[in-house]
Amino acid sequence: MASGQNPKLVAGNWKMNGTRSFLDMVAELRVGAAGGIADTDLLVCPPATLLAAVATALEGSSIGAGGQDCHAKESGAFTGDVSAEMIADCGATHVIVGHSERRQYHGEDDAAVAAKMQAAHRAGLVAIACVGETQDQREAGKALDVVRKQVAALLDDSVTGANTCIAYEPVWAIGTGLTPTVADVAEMHTAIRETIAATIGADEAAQVRLLYGGSVKPANARELMAATDVDGALVGGASLVAADFLAIARACRA
Ligand SMILES: O=C(CO)COP(=O)(O)O
């Protein structure tokens, strides 16, 4: 379960940002990542409106495309929603589920997130499932318990290292410029891996990539990515600037 055994994944979550003009930035990323960056896998998660265009623009490159959310069902009368199968049909390989902004603004609970994760797997996508404590929960000394419970709620024996990543994103670190200490990140990631191991066994759990997210920037990426049990980053704001996103990927070099 040591850090460093999985290739790193740096995923950019654009959130509700981006119009077609952002395809220029994608072209810049493609050029910047040509030839690969230090064994690091790169993924761009644009809004659903751009997913097909971004996936097409990245075809044949070393960068993948992913969705930001999916509905649990394959199709049906769910106005405004997008299924995991639709995301796969766009040419995407991954989908984020259970981001704290979905939990907060759309009332998604652990059961809803687990259903979305199952949907991602049904569609052949890698689920990037997000967990993380609020500031109040951390201050009350409950961060580890809260996150362990969130992770356990997502797991069943269909979870593998190939079909699932877990992103630890402390809610208080998202978009604030604040980050936990490296020791806190390492402690949490180790606890997450132990929780996964309890369901799917230590060997498989070792291969589940654990991403850290929350105010990852070029300036702090190197030390965060070197922490024990950190297999990559889920990047918000800094993923909107090609040079910053590429700098974060380069910082994964051990
Ligand atoms: O929520 C995040 C990624 O999913 C993190 O966002 P920031 O990198 O902007 O803090």
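Note: Cβ is positioned from N, Cα and C throughout, glycine not excepted.
Heads up, TrEMBL stuff is auto-annotated, nobody curated it.
On its own chain, H99 (active site, electrophile) has N13, Q68, D69, C130, E169 as residues at least 6 apart in sequence with a Cβ closer than 8 Å to its own Cβ. Summarising the annotation, TrEMBL assigns active site, electrophile to H99.
What TrEMBL lists as active site, proton acceptor is E169. Over all protein chains present, the Cβ of E169 (active site, proton acceptor) has 26 other Cβ atoms lying within 10 Å.
TrEMBL lists N13, W14, K15, G175, S215, G236, G237 with the feature substrate binding site. Around the Cβ of G175 (substrate binding site), the same chain contributes S215, G236, G237, each under 8 angstroms and 6 or more positions distant in sequence.
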Contacting binding-site residues for ligand 1, chosen from W14, G175, S215, G236, G237 when the Cβ sits under 6 angstroms of any of its atoms: G175, S215, G236, G237
Using a 10 Å radius around its CB, how many other CB atoms surround N13 (substrate binding site)? 26
What does DSSP say about H99 (active site, electrophile): helix, strand or coil? coil
